[in-house]
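Participant: Encoded as structure tokens, here's the structure I'll be asking about.
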Amino acid sequence: MRHWEKHTCVTFTERTTEESYIVFTYRPCGCCSYVGRRGGGPQAISIGKNCDKFGIVVHELGHVIGFWHEHTRPDRDEHVSIIRDNIQQGQEYNFLKMEPGEVDSLGEVYDFGSIMHYARNTFSRGIFLDTILPRYDVNGARPPIGQRTRLSKGDISQARKLYKCARCGDNLQESAGNFSSPGFPNGYSAYAHCVWRISVTPGEKIVLNFTSMDLFRSHLCWYDHVEVRDGFWRKAPLKGRFCGDTLPDPIVSTDSQLWIEFRSSSSWVGKGVSAVYEAICGGEVKRDSGQIQSPNYPDDYLSNKVCVWKITVAEGFNVGLSFQSFETERHDSCAYDYVEVRDGSSDNSPLLGHFCGYDKPDDIKSSSNQLWLKFVSDGSINKAGFAANFFKEMDECSLPDNGHCEQRCLNTLGSYRCACEPGYELAADRRSCETACGGFITMLNGSLTTPGWPKEYPPNKNCVWQLVAPIQYRITLVFDVFETEGNDVCKYDYVDVRSGLSSDSALHGKFCGAEKPEVITSQHNNMRIEFKSDNTVSKRGFKAHFFSDIDECSKDNGGCQHECVNTFGSYSCQCRGGFMLHDNRHDCKEAGCDHVVNSVSGIISSPNWPDKYPSKKACTWSLTTTPGHRIKLVFNEIDMEAHLECAYDHLEIYDGRDVRAQSLGRFCGTKKPPPVVSSGNKMFLQFFSDNSVQKRGFEVSYRAGCGGSLKAEVKTKDLYSHAQFGDNNYPGGSDCLWVVTAEKGYGVEIIFQVFEIEEEADCGYDYVELYDGADVKSPRLGRYCGSGAPEEVYSAGDAVVLKFHSDDSINKKGFHVRYTSTKFQDTLHASK
């Protein structure tokens, strides 16, 4: 909105009692809006998923104020070609040409640079297919189209014509500036009309000082005059109308906007007017609702700023404060840039919070009708700052009727909800309570089962168990049997496990289906387990046991600087992403963001996981596993800035040692990708974040897997039976298949360096098989087991298959093979 206001005279004002207004919402169409005003009443503009980008919102607002798509003009065929075969099904209407009577471009020429013009591949069936193709210009090149960076000169000119903007004036959005009437100080012309609109960051005020005034004086300043209004449009409250040569006193806005209008209507001409203005942050805010932002938001705030707001709402209410965005310089004790909130009207009021970094603070409520808020920045690093809404809030639960709740009323910011005591659950009316299964348990250990265990649980049950151990203890929950309706979605029957006693405590997981959950340990000394079934399919349910253990981390964080991880009978310290453990095993020091990973399995996550990753970050992980094995990557979670091409924040995976290898995929958004598997024993991960949106990032699990396609070369290569060869025996239940291929005209030579497999007369348990070809249908060269290494094997063709099988009983050291390509193919070695 500020972008349109800066370059045109279009004004967006917050709705009060007006019957016709626009509503920002999210509709199935995604990013869409009507063109211009359509009748009376509210009118929707949809900003859907992935639409919350600057250029896209400016584009949709263009529709609101009356702009059609530039490529639908009646004369568009003279400038662009529409490739209809490449348009996605159902999106053809976006490319229909308008009739001459439907569109009036007000004499403006076709504008390839318009923000209302589609890009070449918009709504394309494929990212590299064109849907709109500009015709060549005079230089023989196709002009670029589809920019979403700024309004073009044509957009600005057409909007000014459409809204009949004043010929002079300006839209001033900087924190300080000046302006003067046309021709100043040499005199203005008769019948001049100028409008200046000043808009600074919400939460700031404007101080306006006239430095010179020489206008024709008339009764009530009826003729030549300058008007100042306390807002952003011509009907805002009048601060004053001035003429003559007397300088007005400084004018201070009530909010963050001022409207200054100059008119001349006489033939007598004076020097005119000049003025300067400055934005001041902070001050007293006496309103029931509004928004406060850091100076210059959403751009980086300025250095060495101190802003104090004193918010007062109506008597009998509290002040609610909800942060919409938050990004300041990060520091463990918030010593540099920070936001401070106090419960009252002064810096001596009780402290409600001292915040910095990237985490959005929780909602805040004062105990009275006043709230004190302070923002401080130092002289170094600057970030985007914050935006917060404030409003009057009341505690519905304090009313005599207890919010119409039968048992417990829980107040929330802006609302409330009913709850029940342990052993009860909310009835269908969400206000009264009825008897439920579950209970409040203080034993150090015990067992839990679903109703009716071991038979099927009944339908429509809601059971809540609240486990409480002594202070400094943690509770561990182990599921012995688990079987409920459902799958990964857990939409029907499920078990919900949380650290804490309430339904909004920290979630460990929501489980369903037939797979037993992993062992769960509470974050504190209590745990909440909720079981819920619907009215259809019933299963056996679950049987679980729990036990409690003292938590060394609960006191002084175990002496750990960052994170203390409690283990049964002990503890360990860990560091957040981007840090590494000091030699004293308790403190953390900053680490680089380029990682070398050689373990056979583990977890990789974005910096600062599970909190938001920082902006402008580039990290790499170089994974290497045992030769002859592949790396399988499974996404546990992903929450990154979304984009169709993942052009902003993303994780890219390469099938090799670095970015020169083939890409296995570039990922972003929130949808978990399928597992990614390398073709060899190396994989490279590259994470990038830009300077705008920060999300939680990603967490992936990796594990080495046997088998795959190997390329034999003149240089000798190695192959091992299992990823932990030399450290552990091979695992049971292995079935591995390697296909070793040489280039055409060469054969494959296999030489066993180490061979120790469970022995059996017919090699029926654990064994290695070799096939002379590219699959197991090829002639078998032999089956081997025991501790005697087979002789060298030469293929007759250009490929050999090596198959390894182990059962679930005896496990041995395994084998180590070296393979190479060779010209000699006249001798075959097979089992005797």
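Cβ coordinates come from backbone N, Cα and C, glycine included.
Dumping what TrEMBL says about this protein:
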ACT_SITE  E60  active site
BINDING   H59, H63, H69  Zn(2+) binding site
DISULFID  C29-C51  disulfide bond
DISULFID  C31-C32  disulfide bond
DOMAIN    1-166  domain 'Peptidase M12A'
DOMAIN    168-280  domain 'CUB'
DOMAIN    281-393  domain 'CUB'
DOMAIN    393-434  domain 'EGF-like'
DOMAIN    437-549  domain 'CUB'
DOMAIN    549-589  domain 'EGF-like'
DOMAIN    593-705  domain 'CUB'
DOMAIN    706-822  domain 'CUB'
Participant: State which of the following disulfide-bonded residues has the fewest other Cβ atoms within 10 Å around its Cβ: C29, C31, C32, C51.
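Facilitator: Looking at the disulfide-bonded residues C29, C31, C32, C51, the Cβ with the fewest others within 10 Å is that of C29.
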Participant: Mind pulling out the one from 1-166, 168-280, 281-393, 437-549 with the most Cβ pairs under 8 angstroms to the domain 'CUB' (593-705)?
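Facilitator: Most contacts with the domain 'CUB' (593-705): 281-393.
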Participant: In whole Å, how far does the CA atom of H59 (Zn(2+) binding site) lie from that of C51 (disulfide bond)?
Facilitator: 10
Participant: List the disulfide-bonded residues among C29, C31, C32, C51 whose C-alpha is within 10 Å of the C-alpha of H63 (Zn(2+) binding site), in sequence order, or say none.
Facilitator: C32
Participant: Would you identify which of the binding-site residues H59, H63, H69 has the most other C-beta atoms lying within 10 angstroms of its C-beta?
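Facilitator: Result of the Cβ crowding comparison: H59.
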Participant: Which of the recorded positions C31, C32, E60, H69 has its Cα closest in space to the Cα of C51 (disulfide bond)?
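Facilitator: Nearest by Cα distance to C51 (disulfide bond): C31.
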Participant: Reported as an integer number of Å, what is the Cα distance between C31 (disulfide bond) and E60 (active site)?
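Facilitator: So the Cα of E60 (active site) lies 7 Å away from that of C31 (disulfide bond).
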Participant: Is it possible to list how many residues within the domain 'EGF-like' (393-434) are helical, extended or coil according to DSSP?
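Facilitator: Helix (H, G, I), strand (E, B), coil: 6 helix, 16 strand, 20 coil.
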Participant: Applying the rule Cβ within 8 Å of the centroid of the Cβ atoms of H59, H63, H69, what extra residues of the same chain belong around the Zn(2+) site?
Facilitator: S33, V35, E60, G62, F67, W68, I115, M116
Participant: For E60 (active site), what is the tally of other C-beta atoms lying within 10 angstroms of its C-beta?
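Facilitator: The answer is 18.
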Participant: Looking only at C-alpha atoms, tell me how far C29 (disulfide bond) is from E60 (active site), rounded to the nearest Å.
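Facilitator: That separation, Cα to Cα, works out to 12 Å.
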Participant: What kind of secondary structure is H69 (Zn(2+) binding site) part of, going by DSSP in three states?
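Facilitator: SS state of H69 (Zn(2+) binding site) = coil.
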Participant: If I take the alpha carbons of C32 (disulfide bond) and the residue listed as 'active site', what is the distance between them in whole Å?
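Facilitator: C32 (disulfide bond) to the residue listed as 'active site', Cα-Cα distance: 6 Å.
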